[in-house]
Amino acid sequence: MNIALLGYGRMGQTIEEISKNRDHKIVFKLDDDIENHDLNDFEIDVAIDFSVPKAAFKNITTCFKHAIPVVSGTTGWLDDYAKAREICKKEDSAFIYASNFSLGVNVFFELNQKLAGMMQGLEDYSVDIEEIHHLQKLDSPSGTAITLAQQILEQNSKLKGWQLDEADEDEIPIHAKREENVPGTHTVTYESSIDKIEITHTAKSRQGFALGAVVAAEYLKDKTGIFTMKDVLSDLFKN
């Protein structure tokens, strides 16, 4: 499979390493404005986008207009997500966006959703989310933490939203910390006066995120439509 890397920072370099180990070719690396390049010159099967928030929408939609499917893990641009989906459909392309491509995190999402459903009737428990990342992470809270909060909100009609740090009783507080050399740790805590229930996912390196993105690209090749990591996991578990 021929892969384009949209963004060639640490994550892009890790994706390159894993892609080559899985016998794929990196045929294009973007580290400037995508409009400086003619994507038709490169025989791209799938593009993997880990760029920056201000460039993500243009990178993604430019690929759609060249009939190139896109796997995107860039966070912080989701105000334009609905528009990107519409352009994908219009151009008959394919798209997977995920706040986190780690296969382990996506299992964690499934656990979070199930736990939220179990806890929604237990009014003595309050819930909060903590995320810790490296100092270079630009967005706060993380996209993964927001996804966790959204899953809880879907299961609990008494909660109305989330807030960074301080929150009202009907909101989920998300505590975001930035520390040296932390790839990503997320904890969801339910606490009462009697006990505390926690689920935690701790990333040990970028390898898990990068592997998941490559697996998603393998899934997306030759498809059209909008997909999620649930589709990718279902395909993996089926096999």
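Going from the start of the chain as shown, residues are counted 1 onward.
In case you wondered, yes, glycine gets a Cβ from its N, Cα and C as well.
Pulled from Swiss-Prot, these are the features on record:
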ACT_SITE  His133  active site, proton donor/acceptor
ACT_SITE  Lys137  active site, proton donor
BINDING   Asp32, Gly73, Thr74, Thr75, Ala98, Ser99, Asn100, Phe101  NAD(+) binding site
BINDING   His134, Gly143, Thr144  (S)-2,3,4,5-tetrahydrodipicolinate binding site
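Where Swiss-Prot records a feature, it is marked here on the structure.
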| residue | record | DSSP class |
| --- | --- | --- |
| Asp32 | NAD(+) binding site | coil |
| Gly73 | NAD(+) binding site | coil |
| Ala98 | NAD(+) binding site | coil |
| His133 | active site, proton donor/acceptor | strand |
| Gly143 | (S)-2,3,4,5-tetrahydrodipicolinate binding site | helix |
Neighbour-count leader, CB within 10 A, recorded positions: His133, His134, Lys137:
His133
Just to verify a number: CA distance, Lys137 (active site, proton donor) to Thr144 ((S)-2,3,4,5-tetrahydrodipicolinate binding site), in angstrom, no decimals.
12
The residue listed as 'active site, proton donor/acceptor' to Thr144 ((S)-2,3,4,5-tetrahydrodipicolinate binding site): how many Å between their Cα atoms?
11
To see if you understand the setup: which same-chain residues, six or more apart in sequence, place their Cβ under 8 Å from that of Asp32 (NAD(+) binding site)?
none
Between Thr144 ((S)-2,3,4,5-tetrahydrodipicolinate binding site) and Phe101 (NAD(+) binding site), how many Å separate their Cα atoms?
10
Taking every protein chain in this structure into account, which of the binding-site residues Thr74, Ser99 has the most other Cβ atoms within 10 Å of its Cβ?
Thr74
Determine the minimum-neighbour residue: among Thr75, Asn100, Thr144, listed as binding-site residues, which Cβ has the fewest other Cβ atoms within 10 angstroms?
Thr75
Taking the center of the Cβ atoms of His134, Gly143, Thr144 at the recorded (S)-2,3,4,5-tetrahydrodipicolinate site, which other residues in this chain have a Cβ no more than 8 Å from that point?
Thr75, Ser99, Asn100, Glu131, His133, Lys137, Asp139, Ser142, Ala145, Gly184, His186
Please list residues from the chain of Gly73 (NAD(+) binding site) whose Cβ is under 8 angstroms from its Cβ, counting only those at least six apart in sequence.
Met11, Ile48, Asp49, Phe50, Tyr97, Ala98, Ser99, Asn100, Phe101, Phe209, Ala213
Cα-Cα, whole number of Å: Thr75 (NAD(+) binding site) versus His134 ((S)-2,3,4,5-tetrahydrodipicolinate binding site)?
15
